[in-house]
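Here is the structure we will look at, set down as structure tokens.
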Amino acid sequence: MPKRTDIKSILIIGAGPIVIGQACEFDYSGTQACKALKEEGYRIILVNSNPATIMTDPDLADATYIEPITPEVVAKIIAKERPDAILPTMGGQTALNTALSLRRMGVLERYNVEMIGAKAEAIDKAEDRALFREAMKKIGLDTPGSMLANATEIKDEDRKRHEAKRAEVKAQFSGDELDKALDKLETEWQLGEVERKQRYMSHALAKAAQALDVVGLPAIIRPSFTLGGTGGGIAYNRQEFFEIIERGLDASPTTEVLIEESVLGWKEYEMEVVRDHADNCIIICSIENLDPMGVHTGDSITVAPALTLTDKEYQIMRNASIAVLREIGVETGGSNVQFAINPANGRMIVIEMNPRVSRSSALASKATGFPIAKVAAKLAVGYTLDELDNDITGGATPASFEPSIDYVVTKIPRFAFEKFPGSSPILTTAMKSVGEVMAIGRTFQESLQKALRGLETGLTGFDEIAIPNIEEGDEKNAIRAAIGTPTPDCLRMVAQAMRLGLSVEQVHDASKIDPWFLEQIESIVKTEERIREHGLPQDAENLRMLKAMGFSDARLASLTAKDAEDVAKLRADLDVHPVYKRIDTCAAEFASPTAYMYSTYETPFVGQPRSEAEVSDRKKVVILGGGPNRIGQGIEFDYCCCHAAFALGDADYEAIMVNCNPETVSTDYDTSDRLYFEPLTAEDVLEILRVEKQKGTLHGVIVQFGGQTPLKLANALEKAGIPILGTSPDAIDLAEDRDRFQKLLIKLDLNQPKNGIAYSVEQARLVAADLGFPLVVRPSYVLGGRAMQIIHDERGLQAYLLDTVPELVPEDIKAKYPNDKTGQINTLLGKNPLLFDTYLTEAIEVDVDCLCDGKDSLVAGIMEHIEEAGIHSGDSACSLPVHTLSPEIVAELERQTAALATALHVGGLMNVQFAIKDGEIFILEVNPRASRTVPFVAKTVGTPIAKVAARIMAGESLEAAFDAYGGKPQPTARPHIAVKEAVFPFARFPGVDTLLGPEMRSTGEVMGLDYDYALAFAKAQLGAGVELPREGTVFVSVRDEDKERVLGPVRKLASIGFKVMATGGTQKFLEANGVESTKINKVIEGRPHVEDAIRNRQIHLVFNTTDSASAVSDSKSIRRATLMQKLPYYTTMAGAESAAEAIAALKAGSLEVRPLQDYFRS
């Protein structure tokens, strides 16, 4: 049937900030949905709190709300916009849960809003563990033996009482009075949420105890309606069982967990299915997990298509997945169904399904070229699959054709355990990865080895790895333990075990990885041994065969004690180069006009390898992306790359994107003119450029927008004679090189904190003695503040040098100095020295984003950090415009920024970080590239500064580039205030201290917008998941130098009814200054103490600042308790002041919602 005409406007709910389990893939799906529905003529209303997304660009939707994604806030948007329909399937678990809450609150009914894409009943049936189990039983599909722990009975009673009150209100009032009365009733219901949750948890815990006797141990615990396995896990003993149950019940919005029999070691598969109103169902892609059951699919290495199923097994699974969609009632759109198969007897069970587009949907879309989100959006408004064209084949096939692929795709997740000292790297059913890489090859081996080097963790392939505890004598058991424990390094452990003599059968017994995959890895390991023994082949045929197995030049070089350049030269001499094939959805059955490509060294049975690159004769620019997401380098850089592609297209260049991240908008087939899905290594990029230079004109390469990843390639590209657009690699090096940068600052008469540089352990001690404590230390050339720390004393310095720095030593240096820790460190520091700075206490940190064309410059935004200097800028909340700085300071910041931009001959973007102490300005660092604040600034000032920067880099003047996008921004004309807040994954890493420092640990960000600073801050907190209390008790414990300053926020809270609780010294000070407060013990002073009060929910807000290292350690348990109880916790005075202002503003009146477009119009 054609599209629906009874719907005029559609509300799309985004996914909010990037968190573990919900990343860029929902910006990709949301962006596709916005474009697809807007081109059909619908009015699009979008809500998303994440400013770093493409979907929140003001030209993508008609009304773009950068507001917190909570049911209460979205209800206000619905009341204001009155959409006809709501599409909740594009924003992950956040959107689904919000839509269901809106339905339960009666908002959808009140405003006559229809849920499209997935009905509420279908979402409930898929996400509610009990309903799903019953549905599977009904259609004859097996599920794991399981029992539920929930509080359904008492919840139903509460809900009935609430519904009865709603009916009374409806009978009593009408019109505006009815709306007010219903809002009041809902507010009262929300205020009782904490008390109800406690009752439900107690009831469900009792049920869990009964379930344990039936299901037994080990048991898999899966909370309902959660994201990425949040709160779940595998329990091997009773203590673990009740810990995970409590965590899972707390994480589940419905206070329900499923307790399943153990299926550890079974094989895991996924099916991506699309269905339309006419019951046409197609399988987009089958996905197989290399890791057996027990590891969350988001943390598993996966391949597409599934490689170890027989055709019969595949057909059974295919039919089963379609039956699941029909029974659950997913009428339109994409869904993901997960299966497990017992390899011992072939028993197949259904694990779960997602009735929405998901992380796997994004992977399947990129793996096949089939745009699941775009098609799902069109199906939601009435189209059927046969009415839609397949874009990839240029309409030669309809969307109802099942994709067929003639290559293998491998996805490997990327982790960040090094950012969370004390966290366990063991993988379970709760997702922990922060990003992923995807690689494509004609064979599994080629695809796998490309993915390994695409991870950007320093691997060149199956690099050697040390087996833990192997030196303790029991070699066989140490190896079995290493390969039997799921960790990020498990696959390399498997290869190492084979090098040490274990057979495929022995490795399979320990790891439960399918023997077929192990045979492929064994083949690579045996080939490596032959290369070590005989060297590289000197003929084209045999060298091409090695490359076809996925070996990188760097890996071949390390196996033969050569340089990668030597291998590249041998390849060039023998004319061994990759060819480029197209992703066409149809295994080359139809010609594809879409330039979506991957490289392969395939060796055909006859003839020469054929390239499908079809290079154009246009003027072209290559944009290098950021690779897999990681902490410190995420969606913000992908946003910049996308904007560069859009801007270059506007300027009539052919935009060519190179990236390997399947989650992102940059790897969508229609973001750029040509897309190469390839690892971002010098070898892979230079091969692409070799092909692209064969026709047309290569204007240059952009390395400035993808974070540290492309910057690392700048020297190799320059050495190869490739033109680099924008700021020169030498200027980038000047800003990174401490000695050269210091000379530049002296020349410009600009300040920086007293500092030093150390090329050895001994020199580090001397520099620290010269500077004095406290000081900041960091390795050179890092992004996200990796291994950056504030050192308070000699003991801290010793721990840093002997514990932290060794973790940075690469494997090749460790191998060179196996038993010499100091030798390893000094070798590392010889190339990458340690940088020391005096730590500026009590300083205000400022971020400045600037554009420059080499001569003229313009400051786009000056952001004042709410956290003091010393906390990584990526983890700090900040405001734009500045909140407390004087106009004179702002003018001086602009002058110094302009001086730096001109001196560095910046072409494009530059970010400068300043610290202001006692009115004096210090430069902390300069980054002559795009920074992670670019999207936030662009959304605040209303100018697409990344697009402007790309035009400047292509050769336009600052003036002309701005004119192309509506002229220069006018900061003084902006009455609104934006606050950015960071979002952290601490709940995923039990035992990790939540105290912030100079090493970045946030995964995402949100933005609060308002005309009032306090309300903008409140929105940012709410968007980040921090529920600011309107009443209750504030706990205060601050260091002596903060006592005077804490009086303001505490008095403000006391004046609006808050009780105050404080530790000894702080409580005496507050009482002496007229603030009534109650004394409570510190943790070290005996019980009952502050942690008990937090856990007993007697405290609702925490202000806690510490100075010495021991005080930081003492307060760790308080920080952990506040995290587990989801309490707002502020560790700086600026944060406490802002929180008090925000709470007072919320108490005075409710939040108002406005679209971004209104802010710009005003």
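Positions of Cβ are set from backbone N, Cα and C atoms, glycine also.
Note that this is a predicted model, so its numbers are computed, not measured.
Per-residue confidence over the region 'Carboxyphosphate synthetic domain' (1-456) averages 93 (mean pLDDT, predicted model). Positions annotated as region 'Carboxyphosphate synthetic domain' by Swiss-Prot, on the basis of sequence analysis: 1-456.
Annotated domain 'ATP-grasp 1' per Swiss-Prot: 186-381, in sequence order.
Residue density at GLU352 (Mn(2+) 1 binding site): 18 other Cβ atoms are found within 10 A of its Cβ, drawing on all protein chains shown. Residues or ranges marked as Mn(2+) 1 binding site by Swiss-Prot: GLN338, GLU352.
Here Swiss-Prot flags GLN338, GLU352 as Mg(2+) 1 binding site.
Positions annotated as region 'Oligomerization domain' by Swiss-Prot, on the basis of sequence analysis: 457-613.
According to Swiss-Prot, the feature region 'Carbamoyl phosphate synthetic domain' maps to 614-1025, an assignment based on sequence analysis.
Summarising the annotation, Swiss-Prot assigns domain 'ATP-grasp 2' to 742-954 and lists sequence analysis as the type of evidence.
In the shown protein chains, 16 other C-beta atoms lie within 10 A of the C-beta of GLU925 (Mg(2+) 3 binding site). Annotated Mg(2+) 3 binding site per Swiss-Prot: GLN913, GLU925, in sequence order, evidence recorded as sequence analysis.
Long-range Cβ proximity for ASN927 (Mg(2+) 4 binding site), meaning a same-chain Cβ under 8 A and a gap of 6 or more residues, is found for ALA735, MET910, ASN911, VAL912, GLN913. DSSP assigns ASN927 (Mg(2+) 4 binding site) to a strand segment in the three-state reduction. Annotation comment: Swiss-Prot describes GLU925, ASN927 as Mg(2+) 4 binding site, evidence class sequence analysis.
Summarising the annotation, Swiss-Prot assigns Mn(2+) 4 binding site to GLU925, ASN927 and lists sequence analysis as the type of evidence.
For 1026-1162, the entry in Swiss-Prot reads region 'Allosteric domain'. Under DSSP, the residues of the region 'Allosteric domain' (1026-1162) split into helix, strand and coil as follows: 71 helix, 19 strand, 47 coil.
Of the recorded residues, GLN338 (Mn(2+) 1 binding site) and GLU925 (Mg(2+) 3 binding site) place their C-alpha atoms 47 Å from one another. A Cα-Cα distance of 48 Å separates GLU352 (Mn(2+) 1 binding site) from GLU925 (Mg(2+) 3 binding site). All chains included, 19 other C-beta atoms sit within 10 angstroms of the C-beta of GLN913 (Mg(2+) 3 binding site).
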